[in-house]
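Have a look at the structure that comes next, please.
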Amino acid sequence: MTSVIARSTGSTLHHIKRCWSGSLIGGKQCIRPSALPQSVVRNGSVPVCPFGTKFSVMGKPKVVFVLGPPGSGKGTQCEKIVKEFGYTHLSAGDLLREERNREGSEYGALIEDNIKNGRIVPVEITCALLENAMNKTTEATGNDRFLIDGFPRNEDNLQGWTKKMADKVEQQFVLFFECSEQQCTERCLKRGESSGRSDDNAESLKKRFNTYINDTVAIIKHYEELQLVKKIDASAGPDEVFEHVKAIFCEQK
């Protein structure tokens, strides 16, 4: 533990600064309840943050799943959450694309075939990539709060995550961005003009949306039954949507 803290002095100071900071909503300061320390413990000359981070021995990584149809603005909103609330954004799709492009990857061809055809990559691969990314981030920065974007997307994903990761993390809630197929498709096609993504085209988008309807909607309903879903109308512009997102995060304890 000491060696991790020693390597992360700068990030620790940054984290403590963020913990004491608040967000302004409607002219009022919103202090995140989970970010209010009762004390600041010092290990030598290095400040240690004692409330639910890597530096807390018993703490588990805190996870927010971010779900919604393709083009609902998940990535855009995650960027804003990262800046405002200090979470680390892990996109399941981005991790899979990085692994696909990694030289020598034994899963590259399999991942590409699934992505291109709008199918869901085997859960064992996705969970392994997510866990590895979380471990590396926490070790390097001390940050233990994660937005997992685009996962779980089907029952197999859910069962795989539950079996492999549920006991290792603290599930905070599911952030669900709701948006119509027509608007999502228009957004993705516009993004495809410059994104270079092989799945930002009309044919792949139709398959991806069908996968969302047939598989992911059931996952959202599952979490609704557990009263873990925070639903956002994603049809508005990104800044307006984020005002609602901020309110949800400020409610968290």
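Cβ coordinates come from backbone N, Cα and C, glycine included.
Pasting the relevant annotations from TrEMBL:
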- Gly71, Ser72, Gly73, Lys74, Gly75, Thr76, Arg191, Ala236: ATP binding site (BINDING)
- Arg97, Arg119, Ile120, Val121, Gly150, Phe151, Pro152, Arg153, Arg197, Arg208: ribonucleoside 5'-phosphate binding site (BINDING)
- Asn157: CMP binding site (BINDING)
- 91-121: region 'NMPbind' (REGION)
- 190-200: region 'LID' (REGION)
Just report the maximum Cα pair distance in Å for the recorded ribonucleoside 5'-phosphate binders Arg97, Arg119, Ile120, Val121, Gly150, Phe151, Pro152, Arg153, Arg197, Arg208, no decimals.
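Largest Cα to Cα distance for the ribonucleoside 5'-phosphate-binding set is 21 Å.
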Select the closest residue to Pro152 (ribonucleoside 5'-phosphate binding site) from the following binding-site residues, measuring between CA atoms: Gly71, Ser72, Lys74, Arg191.
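Given the candidates Gly71, Ser72, Lys74, Arg191, the nearest one is Lys74.
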Within 10 angstroms of the C-beta of Gly75 (ATP binding site), what count of other C-beta atoms is obtained when all protein chains are considered?
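Its Cβ shell of radius 10 Å holds 16 other Cβ atoms.
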Could you state the CA-to-CA distance between Ser72 (ATP binding site) and Arg97 (ribonucleoside 5'-phosphate binding site) to the nearest Å?
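That separation, Cα to Cα, works out to 19 Å.
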Among the binding-site residues Lys74, Arg97, Arg191, Arg197, which residue has the largest number of other Cβ atoms within 10 Å of its own Cβ?
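By the 10 Å Cβ neighbour count, Lys74 comes out on top.
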Here are the binding-site residues: Gly71, Gly150. Which has the lowest count of other Cβ atoms within 10 Å?
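Across Gly71, Gly150, these binding-site residues, the one with fewest Cβ atoms within 10 Å is Gly150.
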